[in-house]
Amino acid sequence: MEKIVLLLAIVSLVKSDQICIGYHANNSTEQVDTIMEKNVTVTHAQDILEKTHNGKLCDLDGVKPLILRDCSVAGWLLGNPMCDEFINVPEWSYIVEKASPANDLCYPGDFNDYEELKHLLSRINHFEKIQIIPKSSWSNHEASSGVSSACPYQGKSSFFRNVVWLIKKNSAYPTIKRSYNNTNQEDLLILWGIHHPNDAAEQTKLYQNPTTYISVGTSTLNQRLVPKIATRSKVNGQSGRMEFFWTILKPNDAINFESNGNFIAPEYAYKIVKKGDSAIMKSELEYGNCNTKCQTPMGAINSSMPFHNIHPLTIGECPKYVKSNRLVLATGLRNTPQRERRRKKRGLFGAIAGFIEGGWQGMVDGWYGYHHSNEQGSGYAADKESTQKAIDGVTNKVNSIIDKMNTQFEAVGREFNNLERRIENLNKKMEDGFLDVWTYNAELLVLMENERTLDFHDSNVKNLYDKVRLQLRDNAKELGNGCFEFYHKCDNECMESVKNGTYDYPQYSEEARLNREEISGVKLESMGTYQILSIYSTVASSLALAIMVAGLSLWMCSNGSLQCRICI
């Protein structure tokens, strides 16, 4: 009878109603790194490092770049005859110059403060070329004879289009005194130059006067130049050299020129009609007839990610450049399907729901939820409230990280002349240092936020478990694996009340108490039965052993194998 009661009790325990708390799992193979672990598989993740580009030069916010092709900035501004396609250019978003353009200063020489001029151009989006001193106004000097085979055009000698090389006329070079007053509302970029002959004979041949000078003055500029006559090696067939200068003439200011030889006079100037963010980008790419918000020398980036690893030099609304190869943010949970046992490991920032052995692939409509089983069946149900709060929290966190890191950031190359190489090297070291710091900060941020996110999910599962536990109290038994076993019948309506937090503890407490006491009594009674059976079994086996030993002894004595002596 006792065995029958025990068997019925066991059967009733197996068929008890249950509710379990768990979390979502899927077939994702996405992996993230945290402070504590590497390559943690998660249900959802978001890459925040852009690694792709289109390999083209594109319009920036609908404005085309000025692609100088085989011309340099100097060749464009002075008017190298091979750069005639850039005589008048529309508004540009940025300027593209090749690393070693073929059409630079056709007549050999130097461009003074060239790097500073390029820096100025990085804040200009449009020039308007205007004539300030007409070529025809030089009646006392030869304005058309100043050409060179170093600057050919259609097989003939020519010269820079925007300046005039003045030569003596009728064996005389009268002293020049010219002024130009800037009556425009915009600043003017004005260029001029000086010719340095190869020897004294060339000096008098071109300018008649053996000793010459050039004076240039504005409200902020006071310059006096003299030619440097010296024997030099030929470049582009020329032993002479030319040196070019520039200045910005403010509105209502005047520029004054005085010279008695070697003067390369301005004919055209550039009115700065639009200022803005621009850049001079070194690139060999071709125009791709495309549009972008971020351009690099390697190609355009169209991405909302906060970081990229394509090229450190950029123009536009660009992510920050880092040296990392991988930056992935966890947005979902640890992906540990139920077939795999979960390691009970505590995170860095909070408690982990390590009592749950694995996630549920059957629960697809939420991150956290329930699995129940009763006489009416079984099924999964997501906890929509906790899931939505978690989604909002993680989404806000990811957006916050992206917003904080996605500030408008431009990094354009700086150019230095030969005398500034030490400054250039120091600048490169500083920029490399900044990139190292940015990279370290980005990687550390991702590691810490991933740790927080995973612990945040674990904490939410534990909170859901505690919510159920506090409702059920002693009306159910904790099984230690995230499940509760009811001491009373719990139909679907009852299960739903547990899930939505309206479980009526008093309604089921009496039934639960009786079932709990009955199960406890069965356990005690069955324990007493087992004790009696064990004592009986011990005594019986001992008695049987004694009889066997006595019988064996008598048999051995009877056949002489064993001698028995009784001493009194």
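Just so you know, glycine gets a Cβ as well, placed from its N, Cα and C.
When the candidates CYS290, CYS294, CYS318 are compared with Swiss-Prot, only one is recorded as disulfide-bonded to CYS58, and it is CYS290. Matching Swiss-Prot disulfide entries to the candidates CYS483, CYS490 identifies the partner of CYS494 as CYS490. Swiss-Prot marks one residue of ASN26, ASN559 as N-linked glycosylation site, namely ASN26. The record in Swiss-Prot pairs CYS106 in a disulfide bond with CYS151, which is drawn from CYS20, CYS71, CYS151. For ASN181 (N-linked glycosylation site), the same-chain residues 6+ apart in sequence whose C-beta sits under 8 angstroms from its C-beta are ASN252, ASP253, ALA254. The average pLDDT computed over the topological domain 'Extracellular' (17-531) stands at 88.
In this view, ASN27 (N-linked glycosylation site) is surrounded by 8 other Cβ atoms within 10 Å of its Cβ, with every protein chain counted. Among the glycosylation sites ASN26, ASN500, the residue whose Cβ has the fewest other Cβ atoms within 10 Å is ASN500.
Considering only the glycosylation sites ASN26, ASN27, ASN39, ASN302, the residue whose Cα is spatially closest to the Cα of ASN500 (N-linked glycosylation site) is ASN26.
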